[in-house]
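These notes concern the structure reproduced below.
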Amino acid sequence: MIKLIIDGSEIEISEGSTVYQACIQAGKQIPHFCYHARLKIAGNCRMCLVEIEKSQKPVASCAMPVSNGMVIHTDTSMVKKAREGVMEFLLINHPLDCPICDQGGECDLQDQAFRYGKGTNRFHENKRSIKDKYMGPLIKTAMTRCIQCTRCIRFANDIAGIEEIGAINRGEHMEVTSYLEQTLDSEISGNMIDICPVGALNSKPYAFKARKWELKHTASIGVHDAEGSNIRIDSRADEIMRILPSVNEAINEAWISDKNRFCYDGLKYQRLDHPYIRKNGKLVEVSWSEALKTIMDKIKSVKPEKIAAIAGSIVSVEAMFMLKILLQKLGSNNYTVNQFNYKIDTSERGNYLFNTTIVGVEKADLCLLIGANIRQIAPILNSRIGRRVRIGALKVVRIGIGHNQTYKIHDLGNDIKIIEDLAVGTHEYTKAFKEAKYPMIIVGDGVYGRDDGYALLSLIHKVVDKYNMMRDDWQGFNILHNHASIVGGLDIGFNTAIKFEGVKLAYLLGADAIPFDKLKSAFIIYQGHHGDVGAMSADVILPSAAYTEQSGIYVNLEGRPQIAQKAVSPVGRAKEDIEIIKEIAGYLKIDIGMDNLQEVRIRLAKEYNIFANIDKITANRFTQFISIDKLSQEPIAARPINYYMTDVISKNSVTMAKCVEAKEERKRDVAKVFY
């Protein structure tokens with residue numbers, strides 16, 4: 001530890017820390033623009049100047065390492081004058097257009113100019129003006145406001161892992177731009193908006209919509225992937241205006257994916273706001289009572305074993321649990337959250353989780369990807385892995401036809417024999433796995449989405465056992481899930497095998513990806529919030545609330561249950577999921593023993609211990625899975641997906657549609673350059 005004095009008070013701080021960090025630890029406010037705790041140090045804005053005794057000039061505190069016996073002053077006349085000078089330089093070419101800037105009210109430059117600026121301007125020459133750069137459909141630029149802090153450049157390089165933003169020219173003529181002014185290629189590019197300290201980078205979908213003080217903030221969870229990123233929903237009245245990240249060091253740090261951030265406009269389109277019944281081949285708007293009575297009559301006319309329920313990809317645990325209880329009361333055990341027919345072993349909880357945990361990947365030294373498209377399935381997790389690779393702390397190898405990643409990967413091939421050789425210890429990478437202290441395997445849908453998924457999973461378990469990847473001090477076996485609801489559904493046993501051909505009544509709880517051709521003779525009830533495939537195939541439609549319109553628990557891929565809070569009211573005559581299921585039970589005169597959300601959660605916590613530990617990861621058992629199924633010789637390949645359209649909300653998002661179009665245009669432009 002190093003001892004130093006800051007404004008007369010002695011503190012201790014670890015060696016290697018900066019003067020800025022020491023000042024913050026001492027409780028001092030140090031203005032800054034270029035410094036960001038999660039980015040590499042640049043030291044180019046000079047706003048964080050402090051006075052250090054025996055130094056003739058003020059020092060940039062963010063770039064100066066501490067040394068023993070340092071005496072630092074943060075509030076002397078020299079420091080004040082230096083900061084005023086720096087601020088004056090920063091404002092020389094700034095347009096001062098705060099009334100029309102989207103950053104107004106939450107702008108670092110505004111706040112620090114007021115707190116540390118002179119209040120007068122001696123510059124009366126013409127200001128420079130810079131042409132706005134095109135960065136795609138998500139980021140709106142106003143580059144005349146840019147103060148060249150380079151935060152966005154460092155984020156692109158160090159966090160996103162794609163070097164697609166840089167600076168051209170020098171001095172006063174310096175400009176920040178994307179290469180060839182193309183659409184940004186990163187799935188987490190929207191985070192540049194958050195870290196920009198001025199109004200140079202803004203959200204295009206949010207442009208000129210609202211001011212910060214007009215918005216209500218609601219803590220929630222991103223449901224468009226299985227990572228469970230913490231988000232903040234900003235709304236005005238009953239309209240969602242924007243979505244921002246909330247800090248959670250164990251999951252998403254301070255970042256979220258572009259899909260979780262921008263696809264909220266999909267909540268405006270194709271919404272189901274009234275109950276419907278199919279009459280004479282056409283869906284007709286009806287009252288709730290008529291829809292519920294029709295369902296009651298149909299359920300009573302069908303044998304219990306012919307009734308099945310399928311949950312979709314963004315359904316809360318409470319809704320699935322309540323529907324499961326209802327079906328059990330009816331005498332049916334046909335219910336599943338596995339609408340894609342994934343081959344996932346559920347014999348123990350550790351067999352279907354991401355056991356290493358998201359933050360735990362920073363401890364791993366060797367990672368094997370098998371059939372996993374981690375960049376598009378879990379962009380935030382991918383960013384963590386990429387940062388470890390770039391500093392040389394982690395080596396990543398891959399089996400399976402993959403997709404372009406944001407870091408260096410060594411491809412072993414796509415043959416199943418590679419896994420067989422690893423399992424018996426004859427592959428060239430056997431030595432690397434034996435020497436690795438913390439090896440991990442990430443299994444994607446290129447494995448559990450195959451017809452022989454169980455057989456392949458059994459083979460992978462042999463590799464896990466061979467290299468002792470699951471032990472008391474390290475859990476290296478990981479399933480990379482695609483959807484927000486699947487782990488929660490597996491946790492409550494909402495996962496029985498269903499033969500669709502024999503189903504006479506299908507209850508679709510937001511499920512749109514099932515084999516509808518096998519349900520041609522079934523009566524279909526669709527409970528959901530968007531008019532997608534499921535609604536178009538339904539005989540009765542029950543409009544429900546989206547995840548922003550009701551509170552619900554979601555369990556992320558590492559097994560952490562979290563609560564998404566209600567931000568706005570349901571549209572039209574739509575109701576919350578558990579309210580609809582409770583009303584159906586009432587019409588059937590079935591007592592499911594739960595009248596409200598609180599009672600559902602109390603019962604969940606009693607029956608499943610994990611739900612008594614919200615926001616926590618519990619210890620889980622893992623057992624080796626053995627399958628007698630036959631392996632095919634089909635090459636392993638991660639399943640291709642359209643990243644921007646993976647669920648009913650993102651499919652109906654205009655912003656996501658623009659992203660798809662922009663990415664296609666980028667591919668065509670790149671092809672022109674190289675071919």
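Cβ coordinates come from backbone N, Cα and C, glycine included.
Note that the coordinates shown come from a computational prediction; the quantities given were computed from them, not determined experimentally.
As given in Swiss-Prot:
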DOMAIN    1-78  domain '2Fe-2S ferredoxin-type'
BINDING   Cys34, Cys45, Cys48, Cys62  [2Fe-2S] cluster binding site
DOMAIN    78-117  domain '4Fe-4S His(Cys)3-ligated-type'
BINDING   His94, Cys98, Cys101, Cys107  [4Fe-4S] cluster 1 binding site
BINDING   Cys146, Cys149, Cys152, Cys196  [4Fe-4S] cluster 2 binding site
DOMAIN    215-271  domain '4Fe-4S Mo/W bis-MGD-type'
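Positions of Swiss-Prot features highlighted on the structure.
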residue : record                          : DSSP class
Cys34   : [2Fe-2S] cluster binding site   : coil
Cys45   : [2Fe-2S] cluster binding site   : coil
His94   : [4Fe-4S] cluster 1 binding site : coil
Cys101  : [4Fe-4S] cluster 1 binding site : coil
Cys107  : [4Fe-4S] cluster 1 binding site : coil
Cys149  : [4Fe-4S] cluster 2 binding site : coil
Cys196  : [4Fe-4S] cluster 2 binding site : coil
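Put simply, of the binding-site residues Cys34, Cys45, Cys62, Cys146, Cys196, the one whose Cα is nearest the Cα of Cys107 ([4Fe-4S] cluster 1 binding site) is Cys196. Here the domain '4Fe-4S His(Cys)3-ligated-type' (78-117) has Cβ contacts under 8 Å with residues 31, 33, 45-47, 49-51, 58, 123, 127-129, 140, 142, 144-145, 147, 172, 196-199, 202-203, 206-208, 211-213 of the same chain, all six or more residues outside its ends. Note: the [4Fe-4S] cluster 1 site is recorded as His94, Cys98, Cys101, Cys107; in the same chain, Pro95, Leu96, Asp97, Gln103, Gly104, Leu109, Gln110, Arg145, Val198, Gly199 also have Cβ atoms within 8 Å of that site's Cβ centroid. Taking all protein chains in view, 26 other C-beta atoms sit within 10 angstroms of the C-beta of Cys48 ([2Fe-2S] cluster binding site).
What surrounds the [4Fe-4S] cluster 2 site, by Cβ distance within 8 Å of the Cβ centroid and not counting Cys146, Cys149, Cys152, Cys196, is the set Ile147, Gln148, Thr150, Arg151, Val176, Met192, Ile195, Pro197, Val198, Ala200, Leu201 from the same chain. The average pLDDT for the domain '4Fe-4S Mo/W bis-MGD-type' (215-271) in the predicted structure is 98. Excluding Cys34, Cys45, Cys48, Cys62, which define the [2Fe-2S] cluster site, the same chain contributes Tyr20, His32, Phe33, Tyr35, Ala42, Gly43, Asn44, Arg46, Met47, Ala60, Ser61, Ala63, Cys149 within 8 Å (Cβ to the Cβ centroid), listed in sequence order.
Cys152 ([4Fe-4S] cluster 2 binding site) and Cys62 ([2Fe-2S] cluster binding site) have their C-alpha atoms 18 Å apart, to the nearest angstrom. A straight line from the CA of Cys98 ([4Fe-4S] cluster 1 binding site) to the CA of Cys34 ([2Fe-2S] cluster binding site) spans 20 Å.
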